[in-house]
Every structure is written in C-alpha cells, then in structure tokens.
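Positions annotated as active site, proton acceptor by TrEMBL: A:GLU327, A:HIS328. The NAD(+) binding site annotation in TrEMBL covers A:TYR129, A:GLN191, A:ASN214. Under the heading substrate binding site, TrEMBL lists A:SER237, A:GLN259, A:HIS262, A:HIS328, A:ASP361, A:GLU415, A:HIS420. Residues or ranges marked as Zn(2+) binding site by TrEMBL: A:GLN259, A:HIS262, A:ASP361, A:HIS420.
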There are 2 protein chains.
Amino acid sequence: MRILKLTKETQNNILENLLKRSPNSYGEFESRVNDIIQNVREKRDEAVFEYTLKFDGATIDQDNIRVTEEEIKEAYEQVDPKLLDVIRKALVNIRDYHTKQKQYSWFDSDESGIILGQKVTPLKTVGVYVPGGKAVYPSSVLMNVIPAKVAGVSNIIMTTPCGKDGKVYPSTLVAAKEAGVDAIYKVGGAQAIAALAFGTESIPKVDKIVGPGNIYVALAKKAVFGYVSIDSIAGPSEIMVLADETANPRFVAADLLSQAEHDEMASAILVTTSEALAEQVSVEVDKFVEVLSRKEIIRKSLDNYGYILVADTMQDAIDTVNEIASEHLELVTKNPFETMTKIRNAGAIFIGEYSSEPLGDYFAGPNHVLPTNGTAKFFSPLSVDDFIKKSSIISYSREALEPVYKDIVQFAECEKLTAHANSIRVRFED
Amino acid sequence: MRILKLTKETQNNILENLLKRSPNSYGEFESRVNDIIQNVREKRDEAVFEYTLKFDGATIDQDNIRVTEEEIKEAYEQVDPKLLDVIRKALVNIRDYHTKQKQYSWFDSDESGIILGQKVTPLKTVGVYVPGGKAVYPSSVLMNVIPAKVAGVSNIIMTTPCGKDGKVYPSTLVAAKEAGVDAIYKVGGAQAIAALAFGTESIPKVDKIVGPGNIYVALAKKAVFGYVSIDSIAGPSEIMVLADETANPRFVAADLLSQAEHDEMASAILVTTSEALAEQVSVEVDKFVEVLSRKEIIRKSLDNYGYILVADTMQDAIDTVNEIASEHLELVTKNPFETMTKIRNAGAIFIGEYSSEPLGDYFAGPNHVLPTNGTAKFFSPLSVDDFIKKSSIISYSREALEPVYKDIVQFAECEKLTAHANSIRVRFED
C-alpha cells in the first residue's frame, strides 16, 4: 500500500479522490430509470412482469410473484444448519441493540392547562430491498428488517430479484423468515422500487423503502423520495483505522483488507502517528493479499482508494479522521476510549484491537447500514428512528390561552396573516 | 364551503386532488435550477453575485454580502418593541419544548468486556434559508434556528434575499439575532442553496440546509441532497379539523380559514359526524371570509381544496384523517385525548377547542415546520433530531470475541467474504 505523509494538502487530495465514488454522479442512467418508474406507475403489474423478463430473464405473474410458504420451507432444507444457528445468534444481538434505541411518546403538563408532547408512531408499511445477483447477503436482510420490526412496523414487505428459474437464494429467504418479514416478492431493480413507491395489483404501496442495491436501485430510490421516505443512498464501503505504535500491524492489515475486498471502489485508509507501524502494515497487507480469494478486487481497490497516512501528531490524525468521516472507523490507540471522545464523524466506531470491523457487519448488534462517502458528517446509521415518525401534541385550556392570546394576535398581524389572528381573537370576543 | 358525504370514494377523490399540489411534480423547472447549481459550484461567489443582480436586482460583493452588526443594530431600532417582546416570549417556549427533545449518547457494558453504544454529535454547520419576497416570517426564523441551537450546532449560517436596496427585513434580522444565528448572507433562491451546499469564497459549506422557499429553492434542495442533508420539501399548508356535535362552529370556521389564507394551494378540511355542525361551519366560514383581508386567496383555496365531510361514524372519520395525514390536525370532540390515541398520521395534533392552530404557528413551542401532503405518514416535524447524528460504538475484549469468533467466520464465509473472515481469524492464530 502507498504510504504518504499526512499534510493538509494530502488530506484534501484524498478527500477529492474519495468523492469521485459519490453516488451523486450517477446522472447518466437517470432517464432510463425514470422511464422504468413511469411505466410501472402507469401499467403496474404488467410493467413489473415485463421488466423482470427483460432484466432477470424470469417469467413471473400474479400467481407466482410472491414467495410461498412452501418455497420458504424448501429454503430451510437447503440452508446449512450451522449458518441458521449463526443467523439466530446474530438476530438476538441485533434485536437487543436496536431495542435500546426505541423512543417513546412523552408529554408535559402544567397546572394552567398547557399540555405539550410528542407522539411516536411506527410506520405502517415498509419495503426492504435485497439485492440478488453475484452476492448473497443474509446479514443485510437482518440489518434492514430487524429495526423495522423493533419499531413496530406492522407490515414489512421484501422485494428481491429471482434467478431465471424463478428461485430466490435460500439464505435470503431463511434470514427474511427469521427476521419476521410479512411478504416477499420476486422483483428487483428500479422496477421493484417503483412498485413499492406507487403500488401495483400485486405489490402494496409502502411508506418507506430501505436496503442496498445497484446504481439503478439507488437512482430509483432518489427519484421516488418525497412520494415515500427512503434510507440514505449507500456508496462504496470504507474503513479507516486510527492507530498509534501500540497497534498490532497484522490485525490492522487484515481489517483494512476486509473492506477493500468489497469492490474496486471500496476505500481502506490507515492514519497513524507511527512510521514503523505504517511500514509493518504495508508489509502485512502484501502478505495477506496473496492468499485471499478476492485478491484481484483488493488490489484494484487499494490502488484506487487505499492509503497509509503518517501524521505528525495524534491531533492531526484525528482532524483528518473527522474530515474524511468514514463509514467504519477503528481506534487502535493506547487509550482508545479517550480517543473516541474526540471523534465527531464516523458511521460506526470500533474501539480497541479486538473490535474488528466484521464483528459489526455480522454479529455485535449495531446496524451495518452506515453513512458512506463523508455523509457521516450529517447522516446516522440505520436505526429504529428510521421506522418511526413523530407528531407534535399541543393542548391549551381557555385559562392557559387567555393571558397570551394578544401576543399571538400581535405576531400574526406582524406577518400580515389576519385569518390567523382572527382564529385566536374569536375565542375571546365579547 | 362545499359539504360532502364521506364515503371511501369521496376520500379517494380528495386524496387524489390534494396530491396535485405535490412538490414532486416541479420537474419543468429542474434544468434551470441545475444550471444555477452548476454555475455556483464552478464560479462560486462570481455566480452568486451575478444571480443576485439578475433575480433580486441587488448589487452585492464580497464586502457587503454579509449582514453587519451595524445593520442588525439598525433593524432593532426599526422593529416595533411589542413585536420584539412577543418574539422573545415565543423564543423561550420554543427553546423549552425543543430542549425536551434532546437525545444523549449512551452505552451498555457487560462483564465479559462487551461495550455497545451510540454517540450523539451535533452537526457542525447548518444553513437556514429564509424567504424574502412578499411575506416576512420572523416565526419561521425562530422555528428553524432554535432546534439547531438546542442541538448544539456550533455554526448557524442564514441566507435570505435582500431588496434592491441591499436591505433585509428588520424583523428577519432581529429574529435571527435573538435566535442566535452566527452569520447572515444576503443571497436567495437556488443560488443560495448551491452556495450553502458547495461553499464559495464568502459563504461556508454547510452539513445541512433547512428552511422553506419557493419552487426554485425546493428543487435546489432536492438536487443537493446527498452532498448535504436537507429537511423535507414543504408543500402547501393544510389543516384538518375532526369535530363532533360538541364543537363551536365559529371556532372551527375561523381555524379552517387560518390555513386557507396561506395561499391558493392551501387546504382546509373539516370532517365531522354532525350534519348540523357541517351546516353551521359553512355559514360561519362565509361570514368570516367577507371581513378578512386575504379573502381573494381564501376563496380560491376553499374552492380548490376546501371540504366539509360528513361521516357516518367517528371511526370512519378517524380512518379518513389517518389516510389524509394532514400537516395540522385539530381534535374537537367530546373526549379529544381519547380520540388522539387513535390518530396515526398528522404533523401536529391540536387538542380541544382552545388549541387553535395559530397557537402552534407562533407561540406554544412545538415546531411549525411540519410534514405536508400526506408525508406525515413517514416524516416528522422539524426537531432537534434534525441537527444531530449518531455513531454506533462497538468494543469487544479478547475474552468477549473468543467464544463467538468462529460464528462470525462462518457468517462471513457463507457470504464469500474471505478477507472479512480472515480479519477475525487472524486474532486467534497462535
């Protein structure tokens, strides 16, 4: 891996390079995606079936679009019982963690008759998109469905592309069933997003769409935002490790590679105050790459977006960490908890040398759907918050309103909204 | 006002009619807005100055783009002291309410050395857009700035168009100063949104943009979403009143009109179980309209989007309320708190006959930036939540990881991510 001295200029160059991966520059596919959405909106099921034949090579209709109980039973027979066991253990951890995120309705009252509050209501129907294609990610099913379930969403719909044979991956089905999905439809791509946003004869309209997907899915989600809510658009995966001389170079190298293997756009960055560590990690990375099955991807990803940065001071290193705002951040320093208090921007923070990033991907409990590409400056991990919404509650008695009603009238009149003023005044006429 | 019998069909027709007002169908202006954004991104201040001259007729440059302390002092001299007094009272209520929304970092630990948690961090820099033009809304300044302030945002930037004379409305400046805005720039329109999203020589790049605006502002916000965060795109204002025979028809009529006066796209709907009330409210509406200053707007708005619906049962009425998911909802029934528990979807719920909607616009404390156009099904009022973001915290000791590490390896291998598996395994190689 390349080793660079961390300067303000290096930092800015890297930031600029990383932003090339932004899902915001997908404009070229937009019109194709908009056509698909428009078609599904108008022709509904008919368009969904056509696109599924065209893109996935599968013939589906109203009778077989929905995964049956029989198919789910088959899937259970096909999945390795050891994997099922791990899915169940992970599920408990994920549910426990997300349960702690629950927010509750509250109100506050005073003796004059003022009641103010906030009512928390789960969304009613949520659509979870699960990619098909090359990779199977049952962990992604768990991470998207469980927070919705914990929030109390009563209807969780999943869509995922099927193969030419009309089948969905068994591990996807098993994970969905374990997590508590209510219905699964064999549709993928922008057509699935459009169907969830507007509804068809077979697929119900949802309030929110979550889940990862390719560029068509990402663009379709952006296009239907406003008609429904969406989670944020995920960019390529990222890891940043902040380490000092106390870190184990072999662990650090292995963790950098765990993200580099995702795809050629993934980014892996070590920032360290130790030149010795920088050298050692670089050597360990080379050794590991040789023996890993995805070495082609890893090499490209490291060439494109892999860096080892040597900082003069820990404060410089921390500043860069906060500027880059990585999806995953590992802290491997002498006092990692103290370091953590100085971190403003990161999707998930892994503290100490045994908190390897994949622990969070699969098992520990916090969500692995995290803000990428610098958006950790303003976005949060997927959470129970994404599946609830709030309503303000306002109640004033006559006794409470009377002493302040003239103030409100005054404010409304200053904004020249006389009907606003009237609605307050009418309550105290003669 | 027209009186209709509430049926499933009436409900669906109204829903369809209301959705015509959706800010999602603004496509026609998109290319113009995209040009402005592209220009500001490339030419920065230069483009901002050009557009300000073109659209606002004002000559600004790097020396006068920012509102000075002197100008703020002048504004204080021009604002009616009674209005200042009301602004200050409202500010205290708004701050008190939003303070109750604060969320805190938490963590949970166990004896095996597992620490999981969630770190809450305020956004660093926020941009608040304040419209200029026909109307002046100091209340909007308070509602957008105070939650950011309460969240702990350290840099709150405001942009608002100036008049041809380079001046900003005094009440806007005073409200901004009172609420604690850090810098005010005299820029409006899509060019202001682009400047906030990408930064210029004069205007700093922000993490999130909030605040209402015209169609150009709304489209620009949608376009920069992803580069920065935004609040939701506001549609026209809405009120829904759910009332039974106990309601005062004069109060109900006045409250319907308070929203109808906003603009011709505003919607005002009464749903009631009482035919007598329906008739009386209609009469009272006619009487009020005659004497209100904005009667032209009100008439059009009522013709377009005003309805009185008579429901057979309270349950039917509640179902329609939940389907329409109004921005503002007043409950004027015998047991309004009990009714409230059945409401799933509404931006703000006003309970009882003295809780007139404008009380919430100006004074009570809850935010008046609310989800419109049915989006209360999945969006929430603007709140402190909008100005914080979260990071997951994960820490496992060696003792905690060891008993589960093989499970994680198994999960990673099932997903064919061997570098993920490697990063866990390497920690236990002898």
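Placement of Cβ uses the backbone N, Cα and C atoms for every residue, glycine included.
Shown here: features listed in TrEMBL, placed on the structure.
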{"residue": "A:GLN191", "record": "NAD(+) binding site", "DSSP class": "helix"}
{"residue": "A:ASN214", "record": "NAD(+) binding site", "DSSP class": "coil"}
{"residue": "A:SER237", "record": "substrate binding site", "DSSP class": "coil"}
{"residue": "A:GLN259", "record": "substrate binding site", "DSSP class": "helix"}
{"residue": "A:GLU327", "record": "active site, proton acceptor", "DSSP class": "coil"}
{"residue": "A:ASP361", "record": "substrate binding site", "DSSP class": "helix"}
{"residue": "A:GLU415", "record": "substrate binding site", "DSSP class": "coil"}
{"residue": "A:HIS420", "record": "substrate binding site", "DSSP class": "helix"}
**Report entry** Longest CA-CA distance among A:SER237, A:GLN259, A:HIS262, A:HIS328, A:ASP361, A:GLU415, A:HIS420, per record bound to substrate, angstrom
**Finding:** 56
Report task. Write down the Cα-Cα distance for A:SER237 (substrate binding site) and A:GLU327 (active site, proton acceptor), rounded and given in Å. Result -> 7
**Report entry** Those recorded positions, out of A:TYR129, A:GLN191, A:ASN214, A:HIS328, that come within 10 angstroms of A:GLN259 (substrate binding site) at the Cα
**Finding:** A:HIS328
Query raised in the report: When the Cα-Cα distance from A:HIS420 (substrate binding site) is computed for each of the recorded positions A:TYR129, A:ASN214, A:HIS328, which gives the smallest value?
Result: A:TYR129
Requested in this report: Sort the recorded positions A:TYR129, A:ASN214, A:HIS328 by C-alpha distance from A:SER237 (substrate binding site) and give me just the closest.
Outcome: A:HIS328
Query - Cβ neighbour count within 10 Å of A:GLU327 (active site, proton acceptor) - result: 28
**Report entry** Interface-proximal recorded positions, chain B, C-beta separation under 8 A, candidates A:SER237, A:GLU327, A:HIS328, A:ASP361, A:GLU415, A:HIS420
**Finding:** A:ASP361, A:GLU415, A:HIS420
Query raised in the report: Nearest to A:GLN191 (NAD(+) binding site) by Cα, among A:HIS262, A:HIS328, A:ASP361, A:GLU415 (recorded positions)?
Result: A:HIS262
Query - Residues near A:TYR129 (NAD(+) binding site) in space but at least six apart in sequence (CB under 8 A) - result: A:MET158, A:THR159, A:THR160, A:GLY188, A:ALA192, A:ILE193, A:LEU196, A:ILE209, A:VAL210, A:GLY211, A:PRO212, A:GLY213, A:VAL217
Query raised in the report: A:SER237 (substrate binding site) has how many other Cβ neighbours within 10 Å of its own Cβ?
Result: 24
Query raised in the report: If you draw a 10 Å sphere around the Cβ of A:ASN214 (NAD(+) binding site), how many other Cβ atoms fall inside it, taking every protein chain shown into account?
Result: 13
Query raised in the report: Out of these recorded positions, A:HIS262, A:HIS328, A:HIS420, which one has the fewest other C-beta atoms within 10 Å of its own C-beta?
Result: A:HIS262
Requested in this report: Return the residue, from the listed binding-site residues A:ASP361, A:GLU415, with the maximum count of other C-beta atoms within 10 angstroms of its C-beta.
Outcome: A:ASP361
Requested in this report: Taking only the Cα atoms, work out how far A:ASN214 (NAD(+) binding site) lies from A:HIS262 (substrate binding site), in Å, as a whole number.
Outcome: 13
Query raised in the report: From the Cα of A:GLU415 (substrate binding site) across to the Cα of A:HIS328 (active site, proton acceptor), what is the distance in angstrom?
Result: 47
Query raised in the report: For the NAD(+) site given as A:TYR129, A:GLN191, A:ASN214, which other residues of the same chain have their Cβ within 8 Å of the site's Cβ centre?
Result: A:PRO131, A:THR159, A:PRO161, A:GLY188, A:GLY189, A:ALA190, A:ALA192, A:ILE193, A:GLY213, A:TYR216, A:VAL217, A:ALA220
Query raised in the report: So how far apart do the NAD(+) binders A:TYR129, A:GLN191, A:ASN214 get, largest Cα to Cα in Å?
Result: 13
